[in-house]
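Everything below concerns the one structure shown next.
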Amino acid sequence: MVMEKPSPLLVGREFVRQYYTLLNKAPEYLHRFYGRNSSYVHGGVDASGKPQEAVYGQNDIHHKVLSLNFSECHTKIRHVDAHATLSDGVVVQVMGLLSNSGQPERKFMQTFVLAPEGSVPNKFYVHNDMFRYEDEVFGDSEPELDEESEDEVEEEQEDRQPSPEPVQENANSAYYDAHPVTNGIEEPLEESSHEPEPEPESETKTEELKPQVEEKHLEELEEKSATPPPAEPASLPQEPPKAFSWASVTSKNLPPSGTVSSSGIPPHVKAPVSQPRVDAKPEVQSQPPRVREQRPRERPGFPPRGPRPGRGDMEQNDSDNRRIIRYPDSHQLFVGNLPHDIDENELKEFFMSFGNVVELRINTKGVGGKLPNFGFVVFDDSEPVQRILIAKPIMFRGEVRLNVEEKKTRAARERETRGGGDDRRDIRRNDRGPGGPRGIVGGGMMRDRDGRGPPPRGGMTQKLGSGRGTGQMEGRFTGQRR
């Protein structure tokens, strides 16, 4: 009887089931999956803030696993990718949530390279194992979102919450129900990761939705008028000329559809242009365009384009204006990797040695105390900022290395944000296209979510004490025979 070679996906799924089951029930035997030449790295940072280095060999991996103190380790697998690699090996990528010793769940990414064991067909061992927590990898990029003047970010969210958020949630839920897992990117996890890059796309959706809401409002006001249709087309033909003034900034974010002309930016400029056409009508019809002029003027004042100090015509309170235009970016310094027990007075005294500190604030990340804090320091001059940047690395209390960076200009943040958003949208389009691999993994590792239980366990068995390892302490798993 000819033995069929199992597919990489079948090998990957069975390995994932065995590996995380052993991690939960008997982590002290986890090293049996590895061999003499295996490498193992587990997410974490040392005292200096650098990522932990890999360990090699089954014995060192055993000590490393014991030092991690795995106890009642529960894992929720969200996605598994498995592909064939060199020398008949299989590379497996796992994404999900991990909770150890009753701690809150944390998103993780783990990659295995499974090498074939020469003595037995369809038998593999872990040659490389790389594990990282997502919040440790992307933690340093989060403060850039807060750099955009926290006050104006909160104001933008308050203005935009009523319209765009339900649309995004409906879109995500529809995509989630259709195919929970795709080949490489899982959309629900992507949206919940709090990454700042997709913001331009939601901004565009927001700007597209607001004129529609305003037009409905105007239609209700114009029902009492004799001819409501001419009032709306009057503004539409005039919008393209204004769009050219923003083309160099927003062309990357505007979709190539008919909704470009109805973006939320130009309408407040179009209303005065359309007035001469409306003035030819009775005076009753001239009122709705004036309402149209007033309403959009409050919202487009907040997008982070153009110089902030020159916008004195925005009807904001004085305290908000003072916070936005008080100090230039060259006087401000971003400080990351702050200890949790630090207070503002201690940090201010530390930076007073470089120059006069006029303002300081510390932000706490809400991840259950797992991540270091970050903050912003404002000097009365740009020279202390440059001295600190030249003097890097900056050591606090003699043992904590602070991550200090100059506050980036608004143009640089927009370029980075928009560039990342375009690439991410392209990836999502490719993943959501027809004929995609949604059916390959959807019925396998996602069974826990649907309540149908894990895959059948009769396919592969764990064999201990043979192969390339160190005698009885080395474990292997084999593919099923068909």
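Keep in mind that glycine also has a Cβ here, set from the backbone N, Cα and C atoms.
Over in Swiss-Prot, the protein carries these features:
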- 11-133: domain 'NTF2' (DOMAIN)
- 140-158: compositional bias 'Acidic residues' (COMPBIAS)
- Ser141: phosphoserine (MOD_RES)
- Ser149: phosphoserine (MOD_RES)
- 191-225: compositional bias 'Basic and acidic residues' (COMPBIAS)
- Ser225: phosphoserine (MOD_RES)
- Thr227: phosphothreonine (MOD_RES)
- 290-300: compositional bias 'Basic and acidic residues' (COMPBIAS)
- Lys392: N6-succinyllysine (MOD_RES)
- 408-432: compositional bias 'Basic and acidic residues' (COMPBIAS)
- Arg457: omega-N-methylarginine (MOD_RES)
- Ser466: phosphoserine (MOD_RES)
- Arg468: omega-N-methylarginine (MOD_RES)
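Along the domain 'NTF2' (11-133), the predicted structure has mean pLDDT 87. Residue counts for the domain 'NTF2' (11-133) under DSSP, helix first, then strand, then coil, are 35 helix, 55 strand, 33 coil.
The secondary structure of Lys392 (N6-succinyllysine), as reduced to three states from DSSP, is coil rather than helix or strand.
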